[in-house]
Each structure stands twice: as structure tokens, then as C-alpha cells.
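J.: The structure under discussion is supplied below as C-alpha cells; questions concerning it will follow.
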Amino acid sequence: MSGVTESAMAEPHESEPTASDPQWHDITAEDLHGAILAPGPEDNKYTRGVVLLATGSQTYPGAAVLSAQAAGHAGAGMLRYTGPEKVARAVLAARPEVVRGLGRCNALVIGSGIPDIREDERQELMPKTRKRAAVAYPTVVDAGALTFVEPGSRDTVITPHAGELSTLLNRLDIADLSRADVEATPGRAAELAATAIGCTVLLKGHVSHIVSVDSERQVTARYRVTAPNSWMATAGTGDVLAGLLGALLAARHAREEGANLALDAACAAWLHGRAGWVASQRNAGVPPQLREILASTGELANGMVGIPVGAPVLALEVAQAIPAVIAALLAQPVSALLAPPVSVL
């Protein structure tokens, strides 16, 4: 095999991030100022970004609902959905503003809740099949759509967990790594995938690793996002992340700003983690405060005074908590964290 072998990864690698590795930037609330914008008087549904969702299946219809809920709660101006009739009905029942079918969009989310895109007619939406049409909009590739990812997938963010990244690296003959290997060296594994495929990688985990490369496949950014707690280790939260990321990518594309897939992916991961934390606090019966939502992960993880550990959450509750996090980001600068607590609920 021409890739990196499992034995080669068994020894510690110089590129693997540590808690103080200067190559990796740990995302904080300050990084999201400018990435999250409130709509102005001249905005409309199109300028706020249109997200096309190709998610969910007969087996996993809920994934489509969750991705739509997340994209909507993250501020997308308009949502389109394409998929099976049964799934479309579920999406419309949950979010009646969704428009069925293909059409103008600023970002595509594909794969969440689809067992294998190669057996789904929506494979025609994958970047590889769009080249002839010269369509240029960012794409979030999740779950079953990862089976269709090939080198040269520009304008693409892939969102695997450790097991999915292991499968992808082995399928493309990039590296012979097991899930355990990826979990042991997540930063290095994410970088291997990004440089070999040419896409942006968001490797999901309690600590998520985001890596982007340029047209020469040289690394341009390395971000880390640490979740405040682990209550989001539950089914469906990955579908929420995919929809949330789609909304951020669509908003930037609609504003005609230069693409910054890695930063948007990192911001989405941070928002996702904070939304999970807010949901866990709500379920514990404690309304979270602005200063707490914007606090550092270390402060929350180590227990700020009066903050409970939280309580179990559902994926839908995470999606529903996204607006509270966005409100906190837009309400005041991070420098005002020490101001008297203000409830956002």
C-alpha cells in the first residue's frame, strides 16, 4: 500500500496535537464574531442563504428532520429538500416553510441518514457528478455520502466520526488505520485525509479537529473545538451539526464573501457544542446566562460556580438551543463576560 500503514502510526507522531500545540488554534467565542451576523434591513431570504438538504432515507427519516431543524434554527433564509416522499412529508410536517425539490441554493448538505449514497438517486448531487455543470457552491458531505468522496473534492467539508474516517482512509488507500488508530491520533488522521483528498475535514469527537488545504493540498488551517460536556453523545446530533454547518456556509456564500470552509466548520462545531450545553442546562432546570454561554470550555468543564453538570439531551433539543447561542454571540462582545448575568431564555 502506498499510504501510511497502521504500524507507522503506532509511534507518536510529531504532528499530533497536544493541549498547547501552536499549530492548532482552539476555537473560542471570539472567533465567531464576524462569522455570525444578524440580518439587516436590506436582507431577504436569498441574501441570508439557501440550503439544499439531501438527507434522510426510508430507514432514517429523522435525519432529514434534524438537519432541517438545525439549518432553520441557525438562520438559513430558505431551506430546500430533496428525498423520498415519506421523508419529505416528515420534513414538511416539522418545518412547513421548507420547499420541496431542487433549485437555487448556496450550500448543499448531503448524506446524513443515508446508508450508502451509491444506492441512492441523490448521488447525482455529489460534487464529483456536478463538474460538468460547473456548479460552485460549498457542500457538506456526511455519513452515507462519504462512500462517494474521491480526491479532488474541492469546496467540500466532510464530517466523519472516527469510524467513518477510518473507512474512508482505507477505501482510498490513503492509510491503513483502524478506528482506534484515528481516535489515538485524530489530528494527524484529519490532516492525512485533507491533504490526500483536497477537501476540508471536520473530524467529529469530544475534541473535534478541523483541517483545510489549498489548491496544492498544503495545510492552511488547523482548528480544534472541545465540547463543554459529553451529553451530546447521542443519536442524531451529527445530523444537527451537518444542517448547522450548511446554514453557515450558505450565509457566507450568499454574502459573496470568499470561502472559508475551515473557519465555518470550526464555528459550526463550537456552536453545536454550546447548543448541546445550553440544552443540557435547560433540562437540568437552570436557565443559562449570556456570560456562561460565551465562557471558555475550560471554565464550563471545570464547573463555574452554580452551574450544574447538566442533564441528558435529545438531538432535537440541541437544534432548538442554537438560537440561544447565536443570541448570546450577537448580544455583546466577549470582553463583557464579567457583566451581570442576563438570561436569554
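FYI, residue positions are counted from 1 along the chain as it appears here.
Every residue, even glycine, has its Cβ placed from backbone N, Cα and C.
Features from TrEMBL:
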type    : residues                                       : note
BINDING : Ala63, Gly113, His161, Asp239                  : (6S)-NADPHX binding site
BINDING : Lys204, Gly205, His206, Val207, Ser208, Gly238 : AMP binding site
DOMAIN  : 28-329                                         : domain 'YjeF C-terminal'
REGION  : 1-23                                           : region 'Disordered'
J.: Of the binding-site residues Lys204, Gly205, Gly238, which one has its Cα closest to the Cα of Ala63 ((6S)-NADPHX binding site)?
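T.: Minimum Cα distance from Ala63 ((6S)-NADPHX binding site) across Lys204, Gly205, Gly238 lands on Gly238.
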J.: I need the nearest neighbour of Ser208 (AMP binding site) among the binding-site residues Gly113, His161, Asp239, using C-alpha distances.
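T.: Checking each of Gly113, His161, Asp239 against Ser208 (AMP binding site), the shortest Cα distance is to His161.
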J.: What's the CA to CA span in angstrom from Val207 (AMP binding site) over to His161 ((6S)-NADPHX binding site)?
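T.: If we compare the Cα positions of Val207 (AMP binding site) and His161 ((6S)-NADPHX binding site), the gap is 11 Å.
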J.: Could you list the residues of the same chain, at least six apart in sequence, whose Cβ is under 8 A from the Cβ of Lys204 (AMP binding site)?
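T.: For Lys204 (AMP binding site), the qualifying residues are Thr159, Pro160, His161, Gly238, Leu241, Ala269.
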J.: Between Gly113 ((6S)-NADPHX binding site) and Gly205 (AMP binding site), how far is it from one CA atom to the other, in Å?
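T.: Between the Cα atoms of Gly113 ((6S)-NADPHX binding site) and Gly205 (AMP binding site), the distance comes to 18 Å.
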J.: Using DSSP with the three-state reduction, classify Asp239 ((6S)-NADPHX binding site) as helix, strand or coil.
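T.: Going by the DSSP assignment, Asp239 ((6S)-NADPHX binding site) falls within a helical segment, counted as helix.
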J.: Could you find out if DSSP has His161 ((6S)-NADPHX binding site) as helix, strand or coil?
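T.: Coil, per DSSP.
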J.: Which residues, sitting 6 or more apart from Asp239 ((6S)-NADPHX binding site) on the same chain, put a CB under 8 Å from its CB?
T.: Thr55, Gly62, Ala63, Leu66, Ser67, Ala70, Ser112, Gly113, Asp142, Ala315
